[in-house]
Structure formats: structure tokens, C-alpha cells
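Data block below; observations after.
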Amino acid sequence: MVKKYKVIDNFISKEALSGILLLFVTLFAIIVANSNFGDFYFNLWDKPLGVAIGDFIISMPLRLWINDGLMALFFLMVSLEIKRELLIGELASVSRAMFPFVASLGGMIVPASIYIALNPDNFIGFGIPMGTDTAFAIAMLILLGKRVNTALKLFLVALAVIDDLGAIIVVATVYTSELKLEYFLHAAFVYGLIWLLNYFDVKKLSFYLFLGIFLWIFIHETGVHATIAGVLLAFAIPISSRMNEKKFIEKTKADLEEFERCMDDKPILNHRQINALEGIAYGYDRVQNPLIRLEHDLHGFSAFFIMPIFAFSNAGVLLDFSTVWTNWMIVLGVALGLLVGKPLGIFGFTYAATKLNIIKKPKNISWFEIISVGFIAGIGFTMSIFIANLAFIDEDTISAIKIGIFTASFMATVIGMILISINYKFKISKA
């Protein structure tokens, strides 16, 4: 239990720092896009880059290498988190998972419904207000400090994990071009090989990652969004380690005793001590769960490299509000979906399901706090931008949507933080 909460604490702290970094990167991108360097900024991401393997060539603009390539690693990390939560985390128990599941369901259905109601002719953008930027949302809760209890943070993490799963399903099923059967068969063959590794209990991550590269290539060529390769790979990564904890402790103790026995007066280690250290390193490598190890390695890389790069390349928008008026119904649908749909859906679905005795509300979270977190979940930002780039092609439309996303996310942040602060003061006054 202690180990589980330590994993969650590490997750929350990294996400919080990443969220603050993303805020600065986003502001910098907007400043650059509207400065004298604006043309250079926009042209940079359209520069073509190609990779050739024999006669096979993949050539894409730099922005797509980020959105399809680096973001595949991000979705790999997210899917590893989802798998961990489903197997050993907050979502492992059906009773505990039901409340955030219903909340997330409402937080996706209501925003999408609001968007579709306002944009029946442009319904393809319904996925944009469904997203929650986990890093930003958690960062806002961390900034509130002791005003947010641990249970509320865990609820937001569970909500965000299920939300990410919903986003993955939408990307895989809705924002996919015409399928090419030939490459689909290639991808299926490679994925079959990956599962063979899992079946034969292969724990070496390098084998999975090597085949994962080919899986990404073939899925990219099928017409399915290439980030789905990261999702598929994650669910094939084994969770069990090559050495159990008890055996690791016994072996490490034996190696440490050997190291101590072989100590001498010389200032350098002798061969037997080096062998003992290698034995400890061997045990250290084998006791780690492949899934947890890969998630840990990717988390920092994703939080402090992939997402800032994605934000910098995609958040830059010309503050030309004429594009907003041209696309005002789409912008309104996105903004209201995030600002109104998220809190309304999260609160409404959980409240109704609780009254119908379908789920039980956690005792240490109030309904007022659920509404507050509903607004915080309305911070769509990077996930909403990512889906906007898939849903629309016209640059002016995407720019207008970005302005709507920024505005709604900012307002949702302010309202959510104010409500949580009011709730804290009310609790203090009653104490």
C-alpha cells in the first residue's frame, strides 16, 4: 500500500512540475508567434524531414514528427499508466473505479454533446472538449497546497487516467483516414510478434521497443493515427519481474556480505568486490517490473521534453480574433464544452448515479469539491489542441479553436481554484 501511494506521489509531483513548465512554454510560443520571429516560427514546423530504410521512405513536416512520433511515446507512457492503474492501482478495484469512471464518462459525454448541439454540420470536432490536460490540472491542485486533500488529488488522477483512455479510443476510431489493408496486415504481424515475446515471458524491454518502431511505421502507413502504436505496445509490456522481492533481498544481502568480507586496506576495489557489486546490479535489473520501469523512464522524458516540445510547436497562435468570428460556433462549442460541459458532466453523472445507488461517493470528498475539480478538469489545453489538429485541416479554424481552448482553460482554472479556496475557508471556519 505504501509503495502504491509512493508511485502516485511521484506521478503527481512530476505532473505538477510539467504543468508549470508547460504554462511558461505556451506563453513563450504565443509571444514568439506574434513577434517579428512569427514567420520563422510557423515555417519551422512545416519543414519536411524524411527517414529512409532501403527503398522505404517516410517524409513528414517537423510538426507531424512531433504530433505523430513523439506523441506516440507520450501515449505509450499514458497507456502504461492506465494498465498499471487497472492492474494494481486506484482502478484495480471495481468499487473504487466506478466513481471516477462515471465522472469521466460524464466529463466526456456532456462536453461532446454541447459541441455537437452547436455544430451539427461540423460535428467532427466533438472530441476537442472531451480532453483534460492531466499535467496542467494536477499542477493547479498542487499550487493550492493544503487546501486540496489527498483524496481529491487521487480522484483527479483516476479521472484523468480514464479520460486519457477515452481520448485514445476517440483518436483510434474517429480521427482515422482510409485504411490500407496491406500495411494493416504488416502491423498485425509485428504486433503478433510482440505478444509472442509476452507469451514466452520475455522481460527485455529493448526487444519490445525495437519491434515497437516497426509497429509505429506500419500503423502510420495504414491511415490509423500513429500514436495508437504506443497504446498497443503498452498493453503488451509485461508487468511481472524476472526476480521476486524476497529472492532479491536474499541475493543482495549475500552480495553485500561478500563485499564486506573482501574489504582490504587498498584504496581501490578488488575483483571479488567488483563481482559482488555486479551481482547487486544484476538483481536490481531483474527485480524491476518491465512495465513500471518503462513508465518511470518515459515519465520524466514525456513531462519535461515531449510535452513542452509539443506545446511549443502547437500552442503558438496568431492573436487574430477575426478568425474567431469566422468560426465562432465551433469556438463556442469547444469553449462551452470545456468550461460548462466538464463540471456539469462530472457532477451531474456522479450525483445522479449516487442517488440511483449505482455508485458510492467517497466519504472524504464533498459534492462542492467534485464541482470544483470538474472545473479543473476543464483545462483541455494540450490534449484538446492535439485533437483539434486531427479534426480540422484549415489553419485559421485551428487557430480560432486554440484561442477558444486557451480562454476556456484559463477561465476553468480560475473558477476551479476560487471554488477550492472558498471550500477550504468554509471548512476552516467550521472547525
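Each Cβ is built from the backbone N, Cα and C atoms, and glycine gets one as well.
Marked as transmembrane segment by Swiss-Prot on the basis of sequence analysis: 17-37, 56-76, 98-118, 123-143, 154-174, 182-202, 209-229, 301-321, 329-349, 373-393, 400-420.
Within its own chain, the transmembrane segment (301-321) has Cβ neighbours under 8 Å at 14-15, 17-18, 21-22, 25-26, 28-30, 32-34, 38, 41-42, 45, 62-63, 66-67, 70-71, 73-74, 77, 135, 382, 385-386, 389, 399, 402-403, 406, counting only residues six or more beyond its boundaries. Contact between the transmembrane segment (17-37) and the transmembrane segment (123-143) is supported by 3 or more Cβ pairs under 8 Å, counting only residues 6 or more apart in sequence. Outside the transmembrane segment (373-393), and at least 6 residues removed from its termini, the chain residues within Cβ reach (under 8 Å) are 22, 26, 67, 71, 107, 124-125, 127-137, 140-141, 152, 155-156, 159-160, 163-164, 167, 170-171, 175, 225, 307, 310-311, 314-315, 334, 338-339, 341-347, 401-402, 405-406, 408-409, 412-413, 415-417, 419-420. Relative to the transmembrane segment (56-76), the listed stretch 209-229 leads the set 154-174, 182-202, 209-229, 329-349, 400-420 in CB pairs under 8 A.
Only sequence-distant pairs (6 or more apart) were considered; of these, at least three Cβ pairs between the transmembrane segment (182-202) and the transmembrane segment (209-229) are under 8 A, so the stretches are in contact. Same-chain residues lying 6 or more positions outside the transmembrane segment (400-420) and placing a CB less than 8 Å from one of its CB atoms are 26, 125, 128-129, 133, 136, 140-141, 143-144, 147-148, 314-315, 317, 319, 321, 323-324, 326-328, 330-332, 334-339, 342-343, 368-369, 371-381, 384-385, 388, 392.
Outside the transmembrane segment (154-174) by six or more residues, the chain places 8, 11-12, 75, 78-79, 81-82, 85, 90-91, 97, 99-101, 103-105, 107-108, 124, 127, 130-132, 134, 137-138, 141, 224-225, 227-228, 231, 346, 362, 365, 370, 373, 376-377, 383, 387, 390 with a CB less than 8 A from a CB of the stretch.
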